[in-house]
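Comments concern the structure below.
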Amino acid sequence: MNTISSHSPIHVVGGGLAGSEAAWQIASSGVPVILHEMRGVRGTDAHKTDGLAELVCSNSFRSDDATSNAVGVIHAEMRMAGSLIMAAADRCQVPAGGALAVDRDGFSEAVTKAVHDHPLITVVREEVTGLPPRDWDLAIVATGPLTAPSLASAIQTETGEDSLAFFDAIAPIVYRESIDMDICWYQSRYDKVGPGGTGKDYINCPMDEAQYNAFVDALILGDTVGFKEWEGTPYFDGCLPIEVMAERGRETLRHGPMKPMGLTNAHNPTVKAYAVVQLRQDNALGTLYNMVGFQTKLKYGAQADIFRMIPGLENAEFARLGGLHRNTYINSPTLLDPSLTLKSRPGLRFAGQITGCEGYVESASVGLMAGRFAAAERKGEAISLPPATTALGSLLGHITGGHLVTDEEPGKRSFQPMNINFGLFPELQPGSIVKPEGVKRFRGKDKTIMKRQLIARRALADCATWLGQESTLAESA
């Protein structure tokens, strides 16, 4: 017999963007919630206040264009779902062109006040030093990239030594459709067929000696981002920034990630490439490819300019640029089920940046979903996942299984934090993109814009349907 009443509280650990949003969604569903936040008792190296949802870096939530920008689409979906984070951001907006930027102090104060004022939310200022106790039958861990060492250790003990990363090492990701396949070709090194492979699992970009030397020079001269004082220098074996490798010797890269051995240019088989940049499929949809071994601390502008020097990537569009940061996150594709529940511990969910999403709104959106899922579970309702065609659903799908983990590197390095982008969405149905009347040539940028507009329109329509279905369930419960 179930002795847990429908009014037993759900516990949320962490009062950042994800935790605050999760608590709000739970309380908005009529379920009490206890929000545990350690700041006020113990600080972090990055936070300056004890306010909820403090923004420690930029004050920008990025593009607010819901017609053709994936970030704008997730903004719109979160607003439709009654997001506290988006409501506070809209209330505290400051001028920023097409972006949604906020007064950071006012934003945190607005979130803090809303959470404290909600009658179903209790805020407890304390450090949770281990995994939530089992008598917290439903709980969400949303402790973010600066998770306290004691809790991180407990998570690692529960999930396994290789399941938790403490720094991300992000290589750029390129939209497949922007790669010039008249220059590049598909081939695995030595035509090796790995598990699930075909022997043609990589896209290869060839360089001659002059191109290689110019590329190395650009890497060495490129502007880089320094580590924060509290981050230290987390270089570890097999994960050096590409520009650091270039500085260690002109030939280092062509004997490392850019080695040409075992590869034959399908367009020019008799000419041996001096160096080769490889891109590996990053998601199950096959829309995104990551640049193998290209983790970097180069500034974003420098990355785009330098990486477009690579033959075949002259017109590359990047879904994500590279980076190396202090960041605690779990290997979500192997550890979490589709409702963000830890497979080894029913009732315990993870949310926010610790799940391997990247960005303010992405973190908050995962908190939104975790909160809704936990509330539904508490009320005995079937958990309704957002459709894969929505921004929420596409991000959820990537975190909980859409990323392809390879056997060639440890899982925690293979799975790296991801922001929302159109490469995570399912493709449109064939024939969806129709050339406008009166237009003679319809390709390139114009076609891409229409494609993204159609994906955005589909996402918002499907999200509205999903939320309407949830409302019907709630009303009939």
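Every residue gets a Cβ built from N, Cα and C, even glycine.
Bear in mind that the values here come from a model prediction, so they are computed numbers and not experimental data.
Contacts of L17 (FAD binding site) defined by a Cβ separation under 8 A and a same-chain sequence distance of 6+ are given as A53, I85, G352, Y360, S363, A364, G367, in order along the sequence. Feature annotation from Swiss-Prot assigns FAD binding site to G14, G15, G16, L17, A18, G19.
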### Message
Give me the long-range Cβ neighbours of G14 (FAD binding site): same chain, 6+ apart, Cβ under 8 Å, in sequence order.
### Response
H36, E37, V141, A142, T143, G144, G352
### Query
Once G14, G15, G16, L17, A18, G19 are set aside, which residues in the chain still have Cβ within 8 Å of the Cβ centroid of the FAD site?
V12, S20, E21, A22, E37, L52, A53, A142, T143, G144, A351, G352, S363, G367
#### Entry: Cβ-Cβ distance under 8 Å to G15 (FAD binding site), same chain, at least six residues away
A23, L35, H36, E37, R39, L52, A53, V115, V123
### Message
Return the count of C-beta atoms lying within 10 angstroms of the C-beta of G16 (FAD binding site), excluding that atom itself.
### Response
29
### Task
Check each residue in the chain of A18 (FAD binding site) that is at least six apart in sequence and keep those whose C-beta is under 8 Å from its C-beta; list them in sequence order.
A142, G144, A351, G352, Q353, S363, A364, V366, G367, A370
### Summary
Same-chain residues at least 6 positions away from G19 (FAD binding site) with a Cβ under 8 Å from its Cβ, in sequence order, are V12, V13, L35, E37, L52, I140, A142, T143, A351, G352, G367
